[in-house]
Structure formats: structure tokens, C-alpha cells
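As written in TrEMBL, here are the features:
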ACT_SITE  His123  active site, proton donor
BINDING   Gly23, Ser24, Asn25  N(1)-(5-phospho-beta-D-ribosyl)glycinamide binding site
BINDING   Arg76, Asn121  (6R)-10-formyltetrahydrofolate binding site
DOMAIN    14-194  domain 'Formyl transferase N-terminal'
SITE      Asp159  site 'Raises pKa of active site His'
Amino acid sequence: MSIDQTSQPVKPLRIAVLVSGSGSNLQVLIDAMQAGALPIEIVGVISNRDDAYAVTRAKDAGIEVAVLSHVESGKRMGIKTFEKHATAQLEAWQPDLVVLAGFMRVLSADFIDNAPAPMINLHPSLLPAYKGLDTHTRVLCSGEREHGCSIHVVTAELDAGQVLSQAVLPIRHTDTPDSLQKRVQVLEHQLLPWTILQIAIGGVSLTPSEQASSILPALPLRLLIDA
Ligand code: GRF
């Protein structure tokens, strides 16, 4: 069991994770949960792809998985249908926090506003710069000197919610989109669990009113990581 700064036991944060791909970030959370290194309980994983390796990772860890990829006729599930099933699933799991970790569908304002828990997203750029896709290529083409990743609150506007935390690296003259992707992923694997730990122990708040009245450092919190 984890202990906060006042030595009180921390109630595990119930987390639902939405994924679309490899799930390496999900694996980091699974490993930390199983090691007792993070006060979380992953109550379920939702994937919009049946071929996502994240599904295998979740099942191997004995975590409940909902794959919402196709309708009965075999067609790919439309976003409205996905959201209807995802809402029902989240309501059943009752998470405290929904984590989008490599989840590659754009969610509607209606779904986000009515979600049963706050949502955070992991994005591979130093927001507000480079919202959207292909961030590593765009960063290199623009001649940036720094790059990294951000965790932000999910709002209806894409990649535009309050940025909670960022991890930063210096771009090397030898970097390619592929090398940057790998280096940023090293950052992601530290930023995501660290940020969730901050949320769990009250080191960062998700609501604007609490953020405004907080004695804690102004957001985003920034980590400099050598990757
Ligand atoms: C991450 O690199 C994230 O930045 C992007 O999708 C990737 C997900 O990786 N949005 P994984 O599925 O956690 O391995």
C-alpha cells in the first residue's frame, strides 16, 4: 500500500485506460500497479482495435478488456456506436480517472462532457505546439531545438485542454522521426506514471478552480529527462 506525505494510506485510484496500439504505456502502468509502485487499480481497458497488442497485455495481466472495434455485420464501428458502448462500460467500471494512452480516435464533446470521470491524454509534443498527428516529423521540419510529450486534460477541442505535465528532451542533429519517436517514448514511460502518481496524491489537480486556489506549482509541471 502506498503512503502519502502525511503518512496516510492512499486509496488506489481506479483507472480505465483507452488504447489503440502497442500498449507500451499501458504496460508501464500494469507493471507499476503490480509492483505496488503506484496507488492505482486498472479497472478495465477499452480498445477500438481488436488487433491492438495492448489487448494482449491487458488480458495477460488479468484486466477486464472491452474491444469495441466492429459491429455485428462486420463493419468498423462508427464513433457514435463506440461512444455508446464505451459509456456503458465506463459506467459499469466506475473509474476515478480515464487515461487515453495511445488512443487514436477523436471523441465527441458529448462523450467527453458526460464521461463518468475526468479524462487525461498523453500527447507526443510539447503542447500547445504540435497538436494532432505526425508530431516528430513536423518538429524536425521546423528546426525545433526541444521536443517531448505532454499530459493534458481532455476537452472537446483536440489536444487543447489544460496541460498538466511535460517531459522535455533536446533534439540532436542526428535525430530522425524514428529516433525521436523512440526517445520521446522513453519520456512517456516516465511522465505517465509520475503524473498519475501526482493526481493520486493530490500533487496536481484536474479542475480549474482547484488549480487556481492551489499552493502547488503552476502547471504544467515539467520533467527534464535524459533520453
Ligand atoms: C505514444 O507514443 C503516444 O505518444 C501516441 O501513441 C503512442 C502510444 O504508444 N499518442 P503505446 O501504444 O503506449 O505503445
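Note that Cβ sites are derived from N, Cα and C of the backbone, with glycine treated the same way.
Under the three-state DSSP scheme, His123 (active site, proton donor) falls in the strand class. Ranking the recorded positions Arg76, His123 by how many Cβ atoms sit within 10 Å of each one's Cβ puts His123 at the top. When averaged over the domain 'Formyl transferase N-terminal' (14-194), pLDDT in the model lands at 97.
Listed in sequence order, the recorded positions among Gly23, Asn25, Arg76, Asn121, Asp159 whose CB lies under 6 angstroms from an atom of ligand 1 come out as Gly23, Asn25. Nearest to His123 (active site, proton donor) in space, judged by Cα atoms and limited to the recorded positions Gly23, Ser24, Asn25, Arg76, Asp159, is Asp159.
Using CA atoms as reference points, the recorded positions Arg76, Asn121, Asp159 were checked against Ser24 (N(1)-(5-phospho-beta-D-ribosyl)glycinamide binding site), and the closest is Asn121. The two recorded residues, Asp159 (site 'Raises pKa of active site His') and Asn121 ((6R)-10-formyltetrahydrofolate binding site), have Cα atoms 8 Å apart. Look at the binding-site residues Ser24, Asn25, Asn121 and count other Cβ atoms within 10 Å of each Cβ; Ser24 has the fewest.
The residues near the N(1)-(5-phospho-beta-D-ribosyl)glycinamide site, meaning same-chain residues not in Gly23, Ser24, Asn25 whose C-beta sits within 8 angstroms of the mean position of the site's C-beta atoms, are Val19, Gly21, Ser22, Leu26, Gln27, Val28, Ala54, Arg57, Ala101, Gly102, His189, in sequence order.
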